[in-house]
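A.B. asks: Per TrEMBL, region 'Disordered' is recorded for 65-142, 509-548, 597-622. Marked as compositional bias 'Acidic residues' by TrEMBL: 70-82, 118-132, 601-613. The compositional bias 'Basic and acidic residues' annotation in TrEMBL covers 133-142, 509-533. According to TrEMBL, the feature repeat 'WD' maps to 146-178, 247-289, 296-328, 352-377.
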Amino acid sequence: MSGDGDISSVMGFSGFGKKARTFDLDAIFEQTRRTAIERSQQVLGRFTNMMSCSILSPGCVTILKQESESSSDSDSDSDSDSELIGPPLPPQHTAQGDADERLRLPLPPGFTGSTAQSDDDDEGEEQDDDDDNPVKKIPDTHEITLQHGTRTVSALGLDPSGARLVTGGYDYDVRFWDFAGMDQALQAFRSLQPCECHQIKTLQYSITGDVILVVSGNAQAKVLDRDGFNVMECVKGDQYIVDMANTKGHTAMLNSGCWHPKTKEEFMTCSNDGTVRTWDVNSEKKHKSVFKPRSFQGKKVIPTCCTYSRDGKLIAAGCQDGTIQIWDRNLSVHTKFHCRQAHIPGSDTSCLSFSYDGRTLASRGGDDTLKMWDIRNFRKPVNVATGLTNYFTMTDCCFSPDDNLVVTGTSVKKDEGNGKLVFFDRASFQKVYEIEVTNASVIRCLWHPKLNQIMVGTGNGLAKVYYDPVRSHRGAKLCVVKSQRKEKQAETLTQDYIITPHALPMFREARQRSTRKQLEKDRLDPKKSHKPEPPVSGPGRGGRVAAHGGTLSSFIVKNIALDKTDDSNPREAILRHAKEASDNPYWVAPAYTMTQPDPVFAEESDEDEEADKEPEWKKRKI
């Protein structure tokens, strides 16, 4: 024992030589499982009693159950019996069921189930109603307004991730908007004119979002990167070649364009030269393929809009003669689908849009209609909506992300109402909802499937974004929560401080202790603050002329150049000092007095004088 005492004194604890305690892990796990089940039942019973008592009259008595839990105490061997507080239970609940059942009070008449269950059922039914009603999914509770300019916003583009928006208009400008970088001031971070003095007609990001297609009023489409720098420019064709398939590019104004939905390098454009051309970003010297729309008589027609199908296998174009022509992307000779009376001839079809399932095509016509087509039966439209005024050749139509709604905008004349964003049910084609956007035409509309936000371009230079804080994601929600940055008003008047730690003390500059005080001192210094000189009063001082101006040139103009002395006889004015100069020579004559020869003139005789007096004919005879 003495050895154990020494060890305990050295180590600081005792108990050496005792047998180690053994544990049964299976028994411990089983005990833990039972304890967890019991506690869960207790919590559930209390919650049920509270919900039951909450719907009774205010005079009801709440029954509480108190159990002493001794599982945490290892020395306790017996659990305390459950104890009831309050009046006795009704007879039908005295000895029935387990402990949880005894705690429940009878429900009032008319209640057949659990209140919590009924609440959950009601919420589920409301959620089902919202899912069945597509109008509830329209994100229009909030909006932000982006000021593009004062003229029509004719193009909108949003990258696939929804981080950047690009707008273009009739003012030739393309503006870039970054939702994550903007604050509540909602200012664009870049503005440029990629096509000089040509109106922007189409802007679209590629499927990867790294480049932007710019279609303007000239014959050459451009591709820009995310920061607005030029990546490629399509070549212009030869306008003197009759067959447009033999030219390398478009020869007339472009009307529309779009990217391929699957191939990131391919895009398509249509032009007034009567062709639809596909291009490759890596090959800007020549088009990839040419599609030539033809009328019923085989004549050339002008395509006003074009688009790819969702899988990229079909190419559709709307033409000025009212037809909609669809080709197989790999077969450019003959059309696969052709509807000759889709819209009124002479009205420009402004937009074609395929549904997400790829079976339905929506067309927005210049004849104030919106039509739905089933490409499997392309002879007549499935549904038609009329009375939708359209004054622009680029008015959009698009499908909602769930394919249940079709959206388009309406045009109005100046001061004759508000432009609207109209929603139609795809199945019944009934107008289910509309949004009054502004007192100008609604031209462009874009419903982004990832953000669940609607972008709208109007005729008065506005780009509006509609969103729902609950149903929408990111996008406009990122910039509305940022406070507007305050502009720095302080002027930087102080000079840069040069740090020279190894310089001698006599050459070392004093450390600036307070920038604010130094700014105040520099503000009082007339040289550092560039204080303007006050006006001179009086004859002038410091080399400055005061009379009628502060510069010497103004003084000269006033006193010399404007002196208009008018002598009546210029000869007398020149020779008025001649007599004095000859009598009293001062400048030139004294210098030549020593070397100037005396003038010697020959004397004229009388005979010479008489000869001079004779007539001229006598002189000739002689």
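Just so you know, glycine gets a Cβ as well, placed from its N, Cα and C.
Automatic prediction, not curation, is the source of TrEMBL annotations.
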A.B. asks: What mean pLDDT does the predicted model reach across the repeat 'WD' (352-377)?
C.D. replies: 90
A.B. asks: So which residues does the repeat 'WD' (247-289) touch in its own chain, when a touch means Cβ under 8 Å and the partner is 6 or more beyond its ends?
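C.D. replies: Non-local partners: 201-202, 204-208, 211, 213, 215-221, 223, 231-239, 241, 300-312, 315, 317, 329, 332, 393-394.
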A.B. asks: May I ask for the residues of the chain that lie six or more residues beyond the repeat 'WD' (146-178) and have a Cβ under 8 Å from a Cβ within it?
C.D. replies: 186, 188-205, 207-209, 212, 214-215, 226-228, 392, 394, 441, 443-446, 448, 450-451, 453, 455, 457-465, 473-475
